[in-house]
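The structure under discussion appears below in the form of C-alpha coordinates.
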(Lines of atoms letter the chains of each structure in order from A; the text may use other names.)
(Lines give C-alpha, C1' and ligand atoms only; values in the text may rest on other atoms or scores of the structure.)
Protein backbone atom coordinates (compact mmCIF):
# COMPACT_ATOMS: atom_id res chain seq x y z
CA UNK A 1 0.00 0.00 0.00
CA UNK A 2 1.53 3.33 -1.08
CA UNK A 3 1.27 6.60 0.87
CA UNK A 4 -1.69 7.91 -1.18
CA UNK A 5 -3.71 4.74 -0.55
CA UNK A 6 -2.87 4.96 3.14
CA UNK A 7 -4.08 8.56 3.23
CA UNK A 8 -7.24 7.56 1.38
CA UNK A 9 -8.02 4.90 4.01
CA UNK A 10 -7.25 7.37 6.80
CA UNK A 11 -9.59 9.98 5.26
CA UNK A 12 -12.43 7.48 5.04
CA UNK A 13 -11.97 6.05 8.55
CA UNK A 14 -11.51 9.36 10.37
CA UNK A 15 -14.23 11.22 8.46
CA UNK A 16 -16.86 8.50 8.84
CA UNK A 17 -15.90 8.29 12.52
CA UNK A 18 -16.51 12.02 12.88
CA UNK A 19 -19.87 11.77 11.08
CA UNK A 20 -21.02 9.01 13.43
CA UNK A 21 -20.72 11.31 16.45
CA UNK A 22 -24.21 12.44 15.48
CA UNK A 23 -25.49 9.01 16.52
CA UNK A 24 -25.21 10.25 20.11
CA UNK A 25 -27.81 12.94 19.36
CA UNK A 26 -29.95 10.41 17.48
CA UNK A 27 -29.98 8.04 20.48
CA UNK A 28 -30.76 10.96 22.78
CA UNK A 29 -33.76 11.97 20.66
CA UNK A 30 -35.08 8.42 20.58
CA UNK A 31 -34.59 7.95 24.31
CA UNK A 32 -36.29 11.22 25.29
CA UNK A 33 -38.78 11.26 22.39
CA UNK A 34 -37.76 14.89 21.96
CA UNK A 35 -35.36 17.03 19.92
CA UNK A 36 -34.83 19.54 22.71
CA UNK A 37 -31.18 20.51 23.35
CA UNK A 38 -30.14 19.07 19.96
CA UNK A 39 -28.94 21.46 17.26
CA UNK A 40 -30.57 21.05 13.85
CA UNK A 41 -28.53 23.46 11.73
CA UNK A 42 -25.26 21.45 11.90
CA UNK A 43 -27.05 18.41 10.43
CA UNK A 44 -28.36 20.55 7.58
CA UNK A 45 -25.11 22.37 6.77
CA UNK A 46 -23.05 19.17 6.96
CA UNK A 47 -25.48 17.43 4.59
CA UNK A 48 -25.20 20.33 2.15
CA UNK A 49 -21.41 20.19 2.44
CA UNK A 50 -21.43 16.43 1.81
CA UNK A 51 -23.57 16.78 -1.32
CA UNK A 52 -21.34 19.53 -2.70
CA UNK A 53 -18.16 17.48 -2.21
CA UNK A 54 -19.92 14.39 -3.56
CA UNK A 55 -20.64 16.25 -6.79
CA UNK A 56 -17.01 17.44 -6.90
CA UNK A 57 -15.82 13.88 -6.36
CA UNK A 58 -18.07 12.59 -9.14
CA UNK A 59 -16.81 15.21 -11.59
CA UNK A 60 -13.21 14.46 -10.66
CA UNK A 61 -13.67 10.71 -10.44
CA UNK A 62 -12.23 10.56 -6.92
CA UNK A 63 -13.38 7.38 -5.18
CA UNK A 64 -12.33 8.57 -1.72
CA UNK A 65 -14.44 11.73 -1.93
CA UNK A 66 -17.36 9.80 -3.38
CA UNK A 67 -17.33 7.07 -0.69
CA UNK A 68 -16.96 9.41 2.26
CA UNK A 69 -19.63 11.86 1.18
CA UNK A 70 -22.19 9.21 0.22
CA UNK A 71 -21.90 7.84 3.76
CA UNK A 72 -21.92 11.35 5.22
CA UNK A 73 -24.98 12.46 3.25
CA UNK A 74 -26.83 9.28 4.25
CA UNK A 75 -26.07 9.75 7.96
CA UNK A 76 -26.95 13.46 7.95
CA UNK A 77 -30.23 12.68 6.15
CA UNK A 78 -30.98 10.09 8.84
CA UNK A 79 -30.29 12.68 11.56
CA UNK A 80 -32.47 15.26 9.78
CA UNK A 81 -35.40 12.84 9.41
CA UNK A 82 -35.13 11.82 13.07
CA UNK A 83 -35.00 15.45 14.18
CA UNK A 84 -38.04 16.32 12.04
CA UNK A 85 -39.94 13.45 13.65
CA UNK A 86 -39.25 14.49 17.24
CA UNK A 87 -39.10 18.28 17.05
CA UNK A 88 -41.96 20.47 18.22
CA UNK A 89 -40.92 23.35 15.96
CA UNK A 90 -41.71 21.62 12.67
CA UNK A 91 -42.44 24.90 10.86
CA UNK A 92 -38.93 26.25 11.46
CA UNK A 93 -37.33 22.92 10.54
CA UNK A 94 -39.36 22.73 7.35
CA UNK A 95 -38.35 26.29 6.40
CA UNK A 96 -34.65 25.57 6.94
CA UNK A 97 -34.86 22.30 5.00
CA UNK A 98 -36.68 24.03 2.16
CA UNK A 99 -33.97 26.68 2.08
CA UNK A 100 -31.29 23.96 1.80
CA UNK A 101 -33.16 22.24 -1.03
CA UNK A 102 -33.48 25.60 -2.81
CA UNK A 103 -29.73 26.21 -2.49
CA UNK A 104 -29.07 22.73 -3.88
CA UNK A 105 -31.38 23.32 -6.84
CA UNK A 106 -29.83 26.70 -7.65
CA UNK A 107 -26.35 25.24 -7.31
CA UNK A 108 -27.20 22.28 -9.52
CA UNK A 109 -28.58 24.53 -12.26
CA UNK A 110 -25.58 26.86 -12.04
CA UNK A 111 -22.90 24.17 -12.15
CA UNK A 112 -24.59 21.96 -14.76
CA UNK A 113 -26.33 24.46 -17.06
CA UNK A 114 -24.64 27.85 -16.70
CA UNK A 115 -21.04 26.63 -16.33
CA UNK A 116 -19.81 24.53 -19.27
CA UNK A 117 -18.36 21.10 -18.39
CA UNK A 118 -14.62 20.94 -17.97
CA UNK A 119 -11.93 22.62 -15.91
CA UNK A 120 -13.96 25.78 -15.24
CA UNK A 121 -16.85 23.74 -13.84
CA UNK A 122 -14.54 21.71 -11.59
CA UNK A 123 -12.59 24.71 -10.33
CA UNK A 124 -15.66 26.83 -9.54
CA UNK A 125 -17.36 23.95 -7.75
CA UNK A 126 -14.16 23.23 -5.82
CA UNK A 127 -13.91 26.89 -4.80
CA UNK A 128 -17.54 26.96 -3.63
CA UNK A 129 -17.11 23.77 -1.60
CA UNK A 130 -13.84 25.07 -0.12
CA UNK A 131 -15.39 28.35 1.05
CA UNK A 132 -18.32 26.50 2.62
CA UNK A 133 -16.04 24.00 4.40
CA UNK A 134 -13.81 26.79 5.74
CA UNK A 135 -16.86 28.62 7.11
CA UNK A 136 -17.98 25.43 8.88
CA UNK A 137 -14.56 24.94 10.48
CA UNK A 138 -14.41 28.58 11.61
CA UNK A 139 -18.01 28.79 12.87
CA UNK A 140 -17.21 27.36 16.36
CA UNK A 141 -14.75 30.20 17.05
CA UNK A 142 -17.50 32.16 18.80
CA UNK A 143 -18.00 29.22 21.16
CA UNK A 144 -14.25 29.09 21.80
CA UNK A 145 -14.28 32.76 22.80
CA UNK A 146 -17.13 32.03 25.18
CA UNK A 147 -15.14 29.14 26.66
CA UNK A 148 -12.21 31.49 27.28
CA UNK A 149 -14.59 33.94 28.96
CA UNK A 150 -16.24 31.34 31.21
CA UNK A 151 -13.04 29.28 31.70
CA UNK A 152 -15.04 26.07 31.25
CA UNK A 153 -14.59 23.31 28.64
CA UNK A 154 -17.82 21.51 29.53
CA UNK A 155 -19.37 22.22 26.13
CA UNK A 156 -16.43 20.78 24.21
CA UNK A 157 -16.05 17.12 23.26
CA UNK A 158 -12.51 15.82 23.51
CA UNK A 159 -13.25 12.80 21.29
CA UNK A 160 -14.78 15.03 18.61
CA UNK A 161 -11.77 17.34 18.80
CA UNK A 162 -9.43 14.39 18.26
CA UNK A 163 -11.56 13.15 15.35
CA UNK A 164 -11.62 16.61 13.76
CA UNK A 165 -7.85 16.95 14.10
CA UNK A 166 -7.07 13.62 12.44
CA UNK A 167 -9.76 14.12 9.78
CA UNK A 168 -8.48 17.58 8.86
CA UNK A 169 -4.86 16.42 8.85
CA UNK A 170 -5.53 13.39 6.65
CA UNK A 171 -7.53 15.42 4.10
CA UNK A 172 -4.90 18.16 4.05
CA UNK A 173 -2.17 15.61 3.31
CA UNK A 174 -4.42 13.85 0.78
CA UNK A 175 -5.03 17.10 -1.08
CA UNK A 176 -1.32 17.89 -0.96
CA UNK A 177 -0.46 14.53 -2.50
CA UNK A 178 -2.99 15.10 -5.29
CA UNK A 179 -1.90 18.74 -5.72
CA UNK A 180 -5.57 19.61 -5.23
CA UNK A 181 -5.69 22.86 -3.27
CA UNK A 182 -9.49 22.76 -3.15
CA UNK A 183 -9.16 19.73 -0.86
CA UNK A 184 -6.03 20.80 1.00
CA UNK A 185 -6.71 24.47 1.83
CA UNK A 186 -10.22 24.22 3.38
CA UNK A 187 -9.13 21.45 5.76
CA UNK A 188 -6.16 23.40 7.13
CA UNK A 189 -8.34 25.59 9.44
CA UNK A 190 -9.66 22.39 11.02
CA UNK A 191 -6.14 21.55 12.16
CA UNK A 192 -5.62 24.95 13.75
CA UNK A 193 -9.03 25.10 15.46
CA UNK A 194 -8.44 21.60 16.85
CA UNK A 195 -5.04 22.66 18.22
CA UNK A 196 -6.74 25.66 19.89
CA UNK A 197 -9.28 23.32 21.48
CA UNK A 198 -6.52 20.96 22.67
CA UNK A 199 -4.87 23.96 24.34
CA UNK A 200 -8.17 24.94 25.99
CA UNK A 201 -8.63 21.39 27.30
CA UNK A 202 -5.10 21.44 28.70
CA UNK A 203 -5.30 24.95 30.16
CA UNK A 204 -8.80 25.06 31.62
CA UNK A 205 -8.84 21.35 32.43
CA UNK A 206 -5.84 22.00 34.66
CA UNK A 207 -7.29 25.19 36.10
CA UNK A 208 -10.68 23.65 36.90
CA UNK A 209 -10.05 19.96 37.73
CA UNK A 210 -13.39 19.39 39.44
CA UNK A 211 -15.53 20.00 36.38
CA UNK A 212 -17.68 17.12 35.08
CA UNK A 213 -16.78 15.11 31.99
CA UNK A 214 -16.83 16.73 28.57
CA UNK A 215 -20.14 16.97 26.76
CA UNK A 216 -20.53 16.19 23.09
CA UNK A 217 -21.40 19.04 20.76
CA UNK A 218 -22.12 18.83 17.07
CA UNK A 219 -19.98 21.11 14.93
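Each position is counted from 1, following the chain as shown.
Cβ atoms are placed via backbone N, Cα and C, with glycine included.
Unlike curated records, TrEMBL annotations are generated automatically.
What TrEMBL says about this one:
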type: TRANSMEM; residues: 6-26; note: transmembrane segment
type: TRANSMEM; residues: 38-58; note: transmembrane segment
type: TRANSMEM; residues: 64-81; note: transmembrane segment
type: TRANSMEM; residues: 93-113; note: transmembrane segment
type: TRANSMEM; residues: 125-144; note: transmembrane segment
type: TRANSMEM; residues: 156-176; note: transmembrane segment
type: TRANSMEM; residues: 188-208; note: transmembrane segment
Range from 6-26, 64-81, 156-176, 188-208 with most C-beta pairs under 8 A to the transmembrane segment (125-144):
188-208
Let me spell it out: take the transmembrane segment (38-58), skip the flanking residues so only those 6+ beyond its ends count, and list any with a Cβ under 8 Å from a Cβ in it.
19, 22, 25, 28-29, 64-66, 68-70, 72-73, 76-77, 79-80, 83, 87, 93, 96-97, 100, 103-104, 107, 111, 122, 125-126, 128-129, 132-133, 136, 182, 217-219
